[in-house]
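Undergrad: One structure, pasted below without further comment.
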Amino acid sequence: MRDLITIILAAGKGTRMKSQKIKVLHKLAGKPMLQHLIDTVKKLDSKKVIVVVGYQGEQVQKTIQGENLCYVYQHEQKGTGHAILQAEEILKDFQGDVLVLYGDTPLLTIETLQKLFKTHVDSNADATILSTYLDDPTGYGRIVRDKDGRFLKIVEQSDLASEEEEKINEINTGIYIFNNQKLFKALHQIQPNNAQGEYYLTDVFNILLAEKAKVEVMKTLNSNEIIGINDRVRLAEAEKILRRRINERLMIKGVTIIDPETTYIDEDVEIGQDTIIYPFTFIEGKTRIGKNVLIGPHSRIKDAQIGDDVNITNSVILESIIHERVKIGPFAHIRPGNEIHADAKIGDFVELKKSIIGKGSKVPHLSYVGDAQIGEKCNIGAGTITANYDGKNKHKTKLGNGVFIGSNSTLVAPVELKDGARTGAGSVVTRDVPANTTVVGVPARKFKENKR
């Protein structure tokens, strides 16, 4: 294959999005739409990706970075041809091909781009256009062919000259591959002969044909791929299509999704075989989930690591590590920074924050555990609170192995309860508790059995 460099046009303001954020940074399945496109192009083995930015270009560059990714600026909006010219300094000596994409078409698949590039190379074309068919082509440029099916021209909607042209339903997607040197030679010949006074990239094809260059057209039958996202309605449509793809890919690999229409999984999520996901579950970011996990319904997991055989019901888990055979929920809130070891249980209406829960330990219900380290086989009674904040600073609570905390106890940090320590119900623990010692009361003191 010949060398390929990609140009992504992302300089438009996207005013129809009605947003202070530039269009290409709006997210689909957890990632900015521009990032989706860049990730796809990298699979094509593009030697470099050049992004043409303008409005909020600094924010785009700050948000999306990567190897072999560079940015050029189009400071004046003078059309698509003018936008490509901003990359000329980088490409002036490049002898390969250039793929041109739009930053608001994140649904393009690697399979379609591979076929487009192969068509371009195999036919020895100077330019190749990606087209598709639409039942209603209104608003799109039409691909006009001669009687033998060869490409003649692109006619924009406003320039349709006959009823025959209006009936054409093969449209120009705006996705092209060019011989780099011939592209820039033609770009310098186009003129802004239109009402907007802009330099249109599509004018290049007339110049190439006049010079007897070879222009090919490759059709894709999947018109969903070329959806351009111009407003929130299109954004929602694209989100639905992308999530369907993600869910289908996971199901083919052995994940059971009870109702794909109400299950929302981001693209970078990984899920093991025989995991079952119930409706109204959101799995986001770079979450990694093991095998034979049961999730949902009504759960949210973000940037978490979940081990095998875990059971999560009606709960929220954020940026935490959950080891194998843990049971969570219903209605647990696992905030960022927790690690829950194997065979532990986090029950209903429990909130965890920056805590370590030891193997086989249980926090069954109605408790807050923050900035705590809990050993193995501990039992935390209902209503237990780790009072970790003194009004100025956060402090840590430490429990050894086999500690038993009675219901409605308050552990006032900093405090440590050693192996086998116990608290009576309603105790307020303000001092460290030695191993195998029971404390009760407010403030908690060593329990002395009444002997008669």
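Placement of Cβ uses the backbone N, Cα and C atoms for every residue, glycine included.
When I checked TrEMBL for this same protein, it listed these features:
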type	residues	note
ACT_SITE	H365	active site, proton acceptor
BINDING	9-12, K23, Q74, 79-80, 102-104, G141, E156, N172, N230, R335, K353, Y368, N379	UDP-N-acetyl-alpha-D-glucosamine binding site
BINDING	D104, N230	Mg(2+) binding site
BINDING	A382, N388, Y389, S407, A425	acetyl-CoA binding site
DOMAIN	6-218	domain 'Nucleotidyl transferase'
DOMAIN	319-396	domain 'Mannose-1-phosphate guanyltransferase C-terminal'
REGION	1-232	region 'Pyrophosphorylase'
REGION	233-253	region 'Linker'
REGION	254-452	region 'N-acetyltransferase'
Undergrad: Write down the Cα-Cα distance for A425 (acetyl-CoA binding site) and G12 (UDP-N-acetyl-alpha-D-glucosamine binding site), rounded and given in Å.
TA: 64
Undergrad: Quick one: average pLDDT across the region 'Linker' (233-253), no decimals.
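TA: Taking every residue in the region 'Linker' (233-253) and averaging pLDDT yields 97.
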Undergrad: How big is the gap, in Å, between the Cα of E156 (UDP-N-acetyl-alpha-D-glucosamine binding site) and that of H365 (active site, proton acceptor), rounded to a whole number?
TA: 65
Undergrad: At a 10 A cut-off on CB-CB distances, which of the recorded positions R335, H365 has the highest count?
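TA: Per the Cβ count within 10 Å, the most buried is H365.
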Undergrad: Which of the binding-site residues listed here (L9, G79, D104, N230, R335) have a Cα atom within 10 Å of the Cα of A382 (acetyl-CoA binding site)?
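TA: Cα within 10 Å of A382 (acetyl-CoA binding site): none.
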Undergrad: Which of these recorded positions is closest to N388 (acetyl-CoA binding site) if you go by CA atoms: L9, G103, R335, H365?
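TA: Comparing Cα positions, the candidate nearest N388 (acetyl-CoA binding site) turns out to be R335.
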Undergrad: Taking every protein chain shown into account, which of the binding-site residues L9, A382, A425 has the largest tally of Cβ atoms within 10 Å of its Cβ?
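TA: Top count of Cβ atoms within 10 Å goes to L9.
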Undergrad: Work out, from DSSP, the number of helix, strand and coil residues along the region 'Linker' (233-253).
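TA: The counts are 20 helix, 0 strand, 1 coil.
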Undergrad: Where DSSP helix means H, G or I and strand means E or B, what are the helix, strand and coil counts for the domain 'Mannose-1-phosphate guanyltransferase C-terminal' (319-396)?
TA: 0 helix, 38 strand, 40 coil
Undergrad: For the binding-site residues listed here, D104, E156, which shows the highest count of neighbouring CB atoms within 10 A?
TA: D104
Undergrad: Looking only at A382, N388, Y389, S407, A425, the residues listed as binding acetyl-CoA, what is the longest Cα to Cα distance in Å?
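TA: Across A382, N388, Y389, S407, A425, the widest Cα separation comes out at 22 Å.
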